[in-house]
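Visitor: Found this in TrEMBL, in case it helps:
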TRANSMEM  B:6-25  transmembrane segment
TRANSMEM  B:77-95  transmembrane segment
TRANSMEM  B:116-134  transmembrane segment
TRANSMEM  B:146-167  transmembrane segment
TRANSMEM  B:179-200  transmembrane segment
TRANSMEM  B:246-268  transmembrane segment
TRANSMEM  B:280-301  transmembrane segment
TRANSMEM  B:398-426  transmembrane segment
TRANSMEM  B:447-464  transmembrane segment
TRANSMEM  B:470-490  transmembrane segment
TRANSMEM  B:502-520  transmembrane segment
TRANSMEM  B:540-563  transmembrane segment
Amino acid sequence: MSQTNDSNAYWSANLRLIKISLVIWALVSFGFGIILRPLLAGITIGGTDLGFWFAQQGSIIVFLILIFFYAWQMNKLDREHGVDEE
Amino acid sequence: MDQFTLNLLFVGASFALYIGIAIWARAGSTSEFYAAGRGVHPVTNGMATAADWMSAASFISMAGLIAFTGYDNSSFLMGWTGGYVLLALLLAPYLRKFGKFTVSEFIGDRFYSSTARMVAVICLLVASITYVIGQMQGVGIAFGRFLEIDAFWGLLIGACVVFAYAVFGGMKGVTYTQVAQYCVLITAYTIPAVFISLQLTGNPIPALGLFGSTESGEPLLVKLNQIVTDLGFAEYTAAHGSTINMVLFTLSLMIGTAGLPHVIMRFFTVPRVSDARWSAGWTLVFIALLYLTAPAVGAMARLNISELMWPNGTSGEAVSVEQIETDPDYAWMATWQKTGLLGWEDKNGDGKIQYYNDANADLQAKAAENGWEGNELTNFNRDILVLANPEIASLPGWVIGLVAAGGLAAALSTAAGLLLAISSAVSHDLLKGQLTPNMSEKSELMAARLSMAAAIVVAVLLGLNPPGFAAQTVALAFGLAAASIFPALMMGIFSTRINNSGAVAGMLAGLAVTLLYIFLHKGWFFIPDTNTFTDADPLLGPIKSTSFGAIGAAVNFAVAYFVSGMTKETPQEIKDLVESVRIPRGAGVAVEGH
């Protein structure tokens, strides 16, 4: 029974991490890059606005950080809940 | 040595390298072929996946589409990278834990239904064939240019080379060949970009040069905006299209990336579940190297072309026909004219070629004043931009040869990989798995080759009248994958409620509406003039056919939930299977299915 509880805890911790990551994923691309671009128009970078930078480069850099952050957090979570492969 | 010989030398040497590696690391049997990935480090696997993934669309076509549209085509950049976040978070580790080799096997087992498996194969075939059309376009353009012939003959020659490549197994997915291809591809893309960035901004890193300043101290993008608006074109950095369409298009490309079987497959064979997570990250690192450079390539090429056409500034005289024909800086125009993808015409007979937007009212007034009779750079195919880029910037001959080799590596590796995926889907999943289970290994191999030949004939026929530029055709393939495969995989892992009928109905509904929407706008089976609507004036408000994949995916999810609610619950053993897929412990090595 405790096994089931623990695997439930593991799965909900994973889902929480996925939700947080996907919020950031959407915020930088659909948010800053597209929908919220007018709000960032005041901040200039290299002759244009921050929204343009997010659409063409910034979002890609954030995506990279997100994937490595998730992998690192999940591998930690695997060990904490004793479900890792070792 | 002339340019033609130099190009052949670079292309020939790179091919010799791939074939050499393929022979050296040849997989002897089917299981060895699959197992090749198992001992591979996540970094190496990431590099190979990046080569598999970056095709003619990324290498040849994308920067050109960004160059001529500006901000609005940022969707390609965000969409084709953001999909890896979905892949790493929602699919890769679980599919690795499941431990089979193909996407359709997972769908067949999770939804305990051979119908589901068959439907998955059909979805996979439709998306892959559309994808191959886009690749063949790129191959045609590359061969057309480097053999200095019409793009049509380039396409036919390219088709033969791709076929030979795939059939003789020169590519066979051997990881190290793909690593070599990645190296050729990224060097070929980066070197000219560095040269051009140095010329224009003094910054050796193109991604930084894009936001840097030109010699006069004026930011590059400000200068570019000024020139293009002077010529009556839309401001480069501003948004012009519909926001809804841009969001949906980006989302379609993202979901589609995570639903493409030939990419997902690579995550089945990494050694451990944790490696599947890292591997997705490393793949994106290697993809990002090209994707962070691409917007700089686009913007800088646009600036260079505009300045070449107006050497005395936009208020001065345009370039003369004589200069185009004699000045070595313009030699690239004559070479590209031979492919039929670049053209100019002195309409008003003033001996000069005026390049401007003749649909713009302000420029029409200016044209009337100066006696111009319309835009005289009459044809500039977007897909030639990256390949012509080093010539446009007058870079040394060896750089041009290198770009030739890079473009062909990108197009051929992906085209051959897709053909292998198509043939294994037909011979392994469809024929051996469903229709004729007792087929001998010899006839399975025969069926694989025949289906490869059939796929390439279809791709060539449709590639002659493509539904758009290479990257746009490929975007349609992503829409189809987004609407059919991704939702089924995600629901299979994250919901135990979805049952066999739900998954089958969802996939069929998603594929059908998306295909219908595409055919209504691009013509039935992409045959010209059979379309009812156009992307300039789409059926549903601002939503273009390339953006419909996201809606198709939503339909898929909704139908699957609805049908699953109405039909029999998922059996307990399947629920247990889903539970076990969710935790990494106990992941064995991947095994071949039936």
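A Cβ is built for glycine as well, from the same backbone N, Cα and C atoms used for every other residue.
Where the annotation comes from TrEMBL, it is an automatic prediction and has not been curated.
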Visitor: Report the listed stretch (B:77-95, B:116-134, B:398-426, B:540-563) having the maximum count of Cβ pairs within less than 8 Å of the transmembrane segment (B:146-167).
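Guide: Ranking B:77-95, B:116-134, B:398-426, B:540-563 by Cβ pairs under 8 Å to the transmembrane segment (B:146-167) puts B:398-426 first.
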Visitor: Can you tell me which parts of the same chain pack against the transmembrane segment (B:447-464), counting only residues 6+ beyond its ends and a CB-CB cutoff under 8 A?
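Guide: Long-range Cβ neighbours of the transmembrane segment (B:447-464): 128-129, 132-133, 135-137, 140, 152, 155-156, 159, 162-163, 166-167, 419-420, 422-424, 426-428, 431, 439, 525-526.
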Visitor: How about the transmembrane segment (B:502-520) with the transmembrane segment (B:77-95) - do they touch, taking at least 3 C-beta pairs under 8 Å (6 or more apart in sequence) as contact?
Guide: no
Visitor: Would you mind listing the long-range same-chain contacts of the transmembrane segment (B:179-200), meaning Cβ under 8 Å and 6+ residues beyond its ends?
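Guide: For the transmembrane segment (B:179-200), the nonlocal Cβ contacts are 14, 17-18, 21, 44, 47-48, 50-51, 54, 59, 206, 209-210, 212, 214, 220, 286, 289-290, 293, 296-297, 300-301, 303-304, 386, 389-390, 393, 395, 399, 402-403, 405-407, 409-410, 413.
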Visitor: Which one of these stretches, B:77-95, B:280-301, B:398-426, has the most C-beta pairs shorter than 8 Å to the transmembrane segment (B:470-490)?
Guide: B:77-95
Visitor: When you scan the chain for residues with a C-beta under 8 Å from the transmembrane segment (B:116-134), skipping those not six or more beyond its ends, what do you find?
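Guide: Same-chain contacts beyond the flanks: 55-57, 61, 103-105, 107-108, 256, 259-262, 414-415, 418-419, 421-422, 425-426, 429-430, 433-434, 455-456, 458-459, 462-463, 466-467, 470-474, 476-478, 480-481, 484-485, 488, 500, 503-504, 507-508, 511, 515, 526.
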Visitor: Looking only at residues six or more beyond either end of the transmembrane segment (B:280-301), which have a C-beta under 8 A from one in the stretch?
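Guide: Residues 42-43, 45-47, 49-50, 53-54, 58-59, 62-67, 70, 74, 77, 80-81, 84, 87-88, 92, 182, 185-186, 189-190, 192-193, 196-197, 200, 206-207, 209-210, 220-221, 224, 236, 266-267, 385-386, 389, 392-393.
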Visitor: Which sequence positions outside the transmembrane segment (B:246-268), separated from its termini by at least 6 residues, show Cβ-Cβ distances below 8 Å to it?
Guide: 37, 45, 48-49, 52-53, 72, 75-76, 78-80, 82-87, 90-92, 95-96, 99-104, 124, 127-128, 131, 239, 276, 279-280, 283, 417-418, 421, 475, 477-482, 484-486, 489, 543-544, 546-551, 553, 590
Visitor: Residues of the same chain, at least six outside the transmembrane segment (B:398-426), with any C-beta under 8 angstroms of its C-beta?
Guide: 3, 6-7, 9-11, 13-14, 18, 51-56, 58-60, 102, 104, 121, 124-125, 128-129, 131-132, 135-136, 138-139, 142-143, 145-146, 158, 161-163, 165-166, 170-173, 178, 181, 184-189, 191-192, 195, 261-262, 265, 386-387, 389-391, 447-449, 451-452, 455-456
